[in-house]
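In TrEMBL this protein carries:
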| type | residues | note |
| --- | --- | --- |
| DOMAIN | 1-90 | domain 'CARD' |
| BINDING | Gly154, Met155, Ala156, Gly157, Cys158, Gly159, Lys160, Ser161, Arg265 | ATP binding site |
| REPEAT | 567-608 | repeat 'WD' |
| REPEAT | 609-650 | repeat 'WD' |
| REPEAT | 651-694 | repeat 'WD' |
| REPEAT | 695-736 | repeat 'WD' |
| REPEAT | 834-866 | repeat 'WD' |
| REPEAT | 955-987 | repeat 'WD' |
| REPEAT | 996-1036 | repeat 'WD' |
| REPEAT | 1037-1071 | repeat 'WD' |
| REPEAT | 1079-1120 | repeat 'WD' |
Amino acid sequence: MDAKARNCLLQHREALEKDIKTSYIMDHMISDGFLTILEEEKVRNEPTQQQRAAMLIKMILKKDNGSYISFYNALLHEGYKDLAALLHDGIPVVSSSSGKDSVSGITSYVRTVLCEGGVPQRPVVFVARKKLVNAIQQKLSKLNGEPGWVTIYGMAGCGKSVLAAEAVRDHSLLKRCFPGGVHWVSVGKQDKSGLLMKLQNLCTRLDQDESFSQRLPLNIEEAKDRLRILLLRKHPSSLLILDDIWDPWVLKAFDNQCQILLTTRDKSVTDSVMGSPLVVSLIGALLRDFPNRWEYYLRQLQNKQFKRIRKSSSYDYEALDEAMSISVEMLREDIKNYYTDLSILPKDVKVPTKVLCILWDMETEEVEDILQEFVNKSLLFCDRNGKSFRYYLHDLQVDFLTEKNCSQLQDLHKKIITQFQRYYQLPSLLPDQEDCMYWYNFLAYHMASAKMHKELCALMFSLDWIKAKTELVGPAHLIHEFVEYRHILDEKDCAVSENFQEFLSLNGHLLGRQPFPNIVQLGLCEPETSEVYQQAKLQAKQEVDNGTLYLEWTNKKTIMNLSRLVVRPHTDAVYHACFSEDGQRIASCGADKTLQVFKAETGEKLLEIKAHEDEVLCCAFSTDDRFIATCSVDKKVKIWNSMTGELVHNYDEHSEQVNCCHFTNSSHHFLLATGSSDCVLKLWDLNQKPCRNTLFGHINSVNHCRFSPDDKLLASCSADGTLKLWDVTSANERKSINVKQFFLNSEDPQEDMEVIVKCCSWSADGARIMVAAKNKIFLFDIHTNDLLGEIHMGHHSTIQYCDFSPQNHLAVVALSQYCVELWNIDSCSKVADCRGHLSWVHGVMFSPDGSSFLTSSDDQTIRLWETKKVCKNSAIMLKQEVDVVFQENEVMVLAVDHIKRLQLINGKTGQIDYLTEAQVSCCCLSPHLQYIAFGDENGAIEILEPVNNRIFQSRIRHKKTVRHIQFTADEKTLISSSDDSAIQVWNWQLEEYDVLQAHQETVKDFRLLKNSRLLSWSFDGTVKVWNIITGKVEKDFVCHQGTVLSCDISHDATKFSSTSADKTAKIWSFDLLSPLHELRGHNGCVRCSAFSVDSTLLATGDDNGEIRIWNVSNGELLHLCAPLSEEGAATHGGWVTDLCFSPDGKMLISAGGYLKWWNVVTGQSLQTFYTNGTNLKKIHVSPDFKTYVTVDNLGILYILQTLE
């Protein structure tokens, strides 16, 4: 050895002896040929780890330069980069011909790349196959940096994985073709949740500095996108190796225009029994210890003296069983039981050393020594990524062990749970712990397998566990476990199981948000009888003592959650969703260009398909559920295998976007109908490529089509205002109904009126057809064309979709106001409202048995509703214009409901007094609750005295709808404004009127000041101060170029603020006509503002969800409160519409898509309350800042109380 190398080794000898683990270092040096088996044994005989390291270094010092280089490379590969760096300067220069590494192509660069990429090491007993390796390398070279696939086929145990790893163990190949590195993923047989875990782990490995995202992807589609970005930006020109692919659908998750090498089984390849490299590897490992026993082992195999293990799996390799049996029998007696313990390892999972340390109650070094014995015998495999060692079994070995030890499995699973409980108290697991992910993913599996039902229920019914697991990996895997172990959980307590599953199902779309929502606050919104609520209440009380803010929804008893399941499978608007014929699956499509298939019961994803090049508008299951049809803006119609996601047919005969598709109802002979904006329908026979028939007759876009129950007729709806019925056999038009004529007013005919017939649906007997157009539903007799019934939905509603129940006379209708309604078609009466979506609802559909129906929306969600539950619902929905008075310990809410009743609600007791019915547009309470005032859509104003039921009517009406109304402090005068530009002052006791007329456009709102003054602001950009006694303008402020959206008055009454659509806010003094400060920085309309109680701070909120806190005295920005969305943009679930400071100025509440509480000092969020709906207009806050009242766009009233 060179003197320089020797001196370097001696210099750092102490550090090396202290840190290195010799067993793995020696494996490398033996593989390189610089250490013998006898030398390895001599090192192993040393009693301590440090002494073993000292002995190894002593041996290396006596060897040549090659041993120094081998030792250096081994340190690099095993993750001792800091120690390798110490030896770097001493590396001797050797010629390529004499360097072992150079000859084999395995340089330190190769070792580092493969180590970082998780590529498995060579087995201790290695079967070389140079010809095959060379063939694979040639194929990889031909990728030439372009996206593509190289596939290695072969039977189980034939060594595909070893070949794949060996192919990339080449310096030249990596430098030339894959400078971005190599990334190995052991896939195996996976379901959706298992694949998601694999993708999450890969994304974590590729983004270790978390520069792209600080959270794991929550579904396969998101993971696929994340992987694509990571491979494109952080790891370009890299190779992704997918080991052991079982199912074609798995590949879709990795189809990211990258370079991929995959291994997979091909059952058409026959098994050469004694030629299986896994068998040879096992026997070779035995021969290593006993080189003279070849004839004995061969005889054992040939005579099959070891009992054949009959397995239930698809593997059937007798030689492997025999080889496994021999290898296990030859283990030392003191470690045989440890190998038996490995029977409980899940397939295709690399288990951290720490898990086995807990299982065996041993130190890491002790465990690794035992496991190395198994690795040396090829009974176990090790993935060494840096200093972290993970162990796994081949699928065949797992099958062998589970069958051989089937009678012990329950006890073995129980053992690992018992040991886990000794080490950990849930939820004390930390994300940075080596074994954390293993326990979160498989703890429930081990408990169920151990039949520890009590412990499993305690785990799954723990809000702490749900919080910890969903925060780490999202809700999908947890929902999967509730379904997987439902039979166990229901035995314990069916109601509690339903509580938790419903909580996860209905909040899954929230639990995927970032930042992660407070799960305790979500739990407090559950019914008080729910176990989820009770656990949340207990935790909240404990945390409140430590200063955490929690809100109790005091009136939630009146709210019934009608959705059974809420899922968010898409990343954009959902245009259509439909049930399979057996009702077990749901297919959906939308603006993100994908087709999604998931379980109707749990929402668990089954398929994700990038279906089209543009938005997918409709999808449909075939009657036998084998196929799904999709149609798109890209003008194409596609047929997919509903189980595998394989494309079966691709039709492109339409010349415009294809709007609808529907299969015939009979499974004897499939026909598919499609309708397009090219004005034609087409019938497709799945047994032939070109379309069977083209149906001409419409003169505008075909929006919808449906086969009759007997498949004899096809109904179509068009933007030309007609419904047409076609004979399916002849493809001739049978009838045409001019729906447009039912909208023409005979007194004022409008022939140019556009009437778009949106959709149609057949009754179960096929005798009637329901048709939707504009704001009306029509029911026609198909034999006579007679109009049997007509339902008018109101002037402000447009019907988006409708569907007939297959079992009764119900119809479900989607309307433009985000709501869905159920109607009795026979009586033309509304049965129920279903509110829950936060945006337009595009589609509705009943299940085949009519017991449930689904709705799909622009808000990216699909909701599943139980028909009976919805029909029984009698919830009252309120308009958002409410008034609230906080008086001592009472909260009184004045509101108008959806059936136009004015009601007074006692927020503490829940008592409701119904006062009157009118076209109420706004209302208010007098300060002492003596009087109630309301304005209507016709401009009229009335005052009601509840005590004696007297009514006072204003003689002077506004010209347009009354928008705002307020009593003066003495309750003698009522101020009102409307959509006209006037403000009316009505002294209703003296019957005196004054009209304040100076604004040029609609008055946005007003506020009462002291000394009979009033502040008003308008769309004309001005703010005016009025004397309501004289009716004169005292001050006129020209504030903004655009609309003044809001004003607030400082509590010392010296200043006011104005905000505008021009993206600015201003602070004004009542004494000056020019602003004190102009506040710039918002990127959206500044919609609201609020002064703190001491008038030193001003908060402003904009349409991007951003809140800014300013210093009033100098206009300086103090804090920016902007919750980040998943895309990194500021959001508040929508516009920030209202703000209010706490009396001490330390806290701020904001309203928008939901409610948020902020720490004014730090600008950090303190709590978020997610309402069922969105678009909150105003938040009413009690003087003590402990009670909050608002109404969402679903008409749900929230009375929230700070938990104490």
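Cβ coordinates come from backbone N, Cα and C, glycine included.
Automatic prediction, not curation, is the source of TrEMBL annotations.
Same-chain residues lying 6 or more positions outside the repeat 'WD' (609-650) and placing a CB less than 8 Å from one of its CB atoms are 247-249, 252, 255, 575-582, 585, 587-591, 593-597, 656-667, 670, 672, 674, 676, 682, 684, 686, 689.
Neighbour list (Lys160 (ATP binding site), Cβ cut-off 8 Å, at least 6 residues apart, same chain): Ile152, Tyr153, Gly154, Asp243, Asp244, Thr263, Thr264. Residues of the repeat 'WD' (834-866) grouped by DSSP class, helix first, strand second and coil last, total 0 helix, 18 strand, 15 coil. Under DSSP, the residues of the repeat 'WD' (609-650) split into helix, strand and coil as follows: 0 helix, 23 strand, 19 coil. Pairs of Cβ atoms less than 8 Å apart link the repeat 'WD' (1079-1120) most often to 1037-1071, out of 651-694, 695-736, 955-987, 996-1036, 1037-1071. Within the chain carrying the repeat 'WD' (996-1036), a Cβ under 8 angstroms from the stretch's Cβ atoms is held by residues 963-964, 966, 968-969, 973, 975, 977-985, 1042-1049, 1053, 1056, 1058, 1060, 1068, 1070, 1073, all 6 or more beyond its ends. Residues 614, 617-624, 627, 629-639, 700-707, 709-711, 714, 716, 718, 726, 728, 731 of the same chain lie 6 or more positions beyond the ends of the repeat 'WD' (651-694) yet place their CB under 8 Å from a CB of it. Nonlocal intrachain contacts for the repeat 'WD' (834-866), taken as residues 6+ away from its ends with a CB within less than 8 angstroms of a stretch CB, comprise 509, 562-579, 581-583, 586, 588, 590, 600, 800-808, 810, 812-816, 818-822, 877, 1153, 1172-1175, 1193-1196. Residues 656, 659-666, 671, 673-677, 679-683, 754-762, 764-766, 769, 771, 773, 780, 782, 785 of the same chain lie 6 or more positions beyond the ends of the repeat 'WD' (695-736) yet place their CB under 8 Å from a CB of it. For the repeat 'WD' (567-608), the DSSP counts in helix, strand and coil order read 0 helix, 23 strand, 19 coil. Computed over the repeat 'WD' (1079-1120), the whole-number mean pLDDT of the model equals 94. The 10 Å shell around the Cβ of Gly154 (ATP binding site) contains 18 further Cβ atoms across the protein chains shown. Same-chain residues lying 6 or more positions outside the repeat 'WD' (955-987) and placing a CB less than 8 Å from one of its CB atoms are 921-928, 930-931, 933-941, 943, 993-997, 999-1003, 1005-1006, 1008, 1014, 1016, 1018, 1020, 1026, 1028, 1031. Across the repeat 'WD' (1037-1071), DSSP helix (H, G, I), strand (E, B) and coil residues number 0 helix, 19 strand, 16 coil. Taking DSSP states H, G and I as helix and E and B as strand, the repeat 'WD' (996-1036) has 0 helix, 25 strand, 16 coil.
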